[in-house]
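K.L.:
Provided herewith is a single structure, encoded as structure tokens, for subsequent inquiry.
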Amino acid sequence: MYVINDMPEQIPQADLDLLSGVETATVGHWRLFGFMDRAIQPLLPGRRVVGTAVTLAIAGPDSTLLHHATGLLRPGDILVVDRLGDDKYACWGGGVTVAAKASGAIAGIVDGPCTDLTEIQESDFPMWSRGLAPITTRLYDLGGGMNIPVSCGGAVVMPGDAILADESGVLVIPRQEVRAVSEEALKRQDTGKKREASVRDQVQKLGDMTGASAKVLAKLS
């Protein structure tokens, strides 16, 4: 059986522009939820993408719904694929990459392996996955769900959530929290740069600045 819900409202471009300056690791300094498992890693180094989550859930050796979904994607979408626990079959390869990019999607995230790394790299299409595998899915017509709540890398992803993905990992942010999270992260990044400059110029030592040295010395006294 297939369940295909309406495409989600896309995140406002102004909010995405703000989020694009944020590093996932900055948010990880204070936020503990929304992060996908660290095993989901980028296949193209040095990329950062922000966009609207379009969700997909497909089982085991079947990718019928994935092929259909690529034709529904819009510019700015990021396709998030829940493999329902499967880690053997690669549902995403060169052909799906070409189709997703042609629809305007800006990235894909798969809670499972991909294949055809060279073709993905040649397409210059940012992908995050649990590595690579040679065994691929088939069109077995087993059903699946599109634009439903999914779990990807242990993180709940709702259709229409914001996705921030970079070389450190993938973060899911509810659409109503994007601006607040972005503003807090950018403020912290600015503070961090100033602190790094102070340490670099030997104005302060890191342990003195953070209070770590005081804690250590207190335990030693």
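Note: Cβ is positioned from N, Cα and C throughout, glycine not excepted.
Computed from a predicted structure; not experimentally measured.
Positions annotated as substrate binding site by TrEMBL: GLY93, GLY94, GLY95, VAL96. Residues annotated as Mg(2+) binding site in TrEMBL: ASP116. Feature annotation from TrEMBL assigns compositional bias 'Basic and acidic residues' to 184-203. Look at TrEMBL and you will find 184-204 tagged as region 'Disordered'.
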K.L.:
Residues with Cβ closer than 8 Å to the Cβ of GLY93 (substrate binding site), same chain and 6+ apart in sequence?
P.N.:
CYS114, THR115, ASP116, GLU119, ILE120, THR136
K.L.:
Is the compositional bias 'Basic and acidic residues' (184-203) packed against any residues at least 6 beyond its ends, judged by a Cβ distance under 8 Å, and which are they?
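P.N.:
Non-local partners: 18, 21-23, 26-27, 29-30, 209.
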K.L.:
Which residues, same chain and not among GLY93, GLY94, GLY95, VAL96, have a CB within 8 angstroms of the centroid of the CB atoms at the recorded substrate site?
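P.N.:
Here the non-site neighbours turn out to be TRP92, THR97, VAL98, ALA99, THR115, ASP116, GLU119, ILE120.
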K.L.:
Write out the long-range same-chain contacts of GLY95 (substrate binding site), meaning residues 6 or more apart in sequence whose Cβ is under 8 Å from its Cβ.
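P.N.:
Correct list: ASP116.
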K.L.:
Are there any residues at least 6 positions away along the chain from VAL96 (substrate binding site) with a Cβ closer than 8 Å to its Cβ? List them or say none.
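P.N.:
Residues satisfying the criterion: SER63, LEU66, HIS67, THR70, GLY108.
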K.L.:
Test of understanding: give the count of other CB atoms lying within 10 angstroms of the CB of GLY94 (substrate binding site).
P.N.:
18
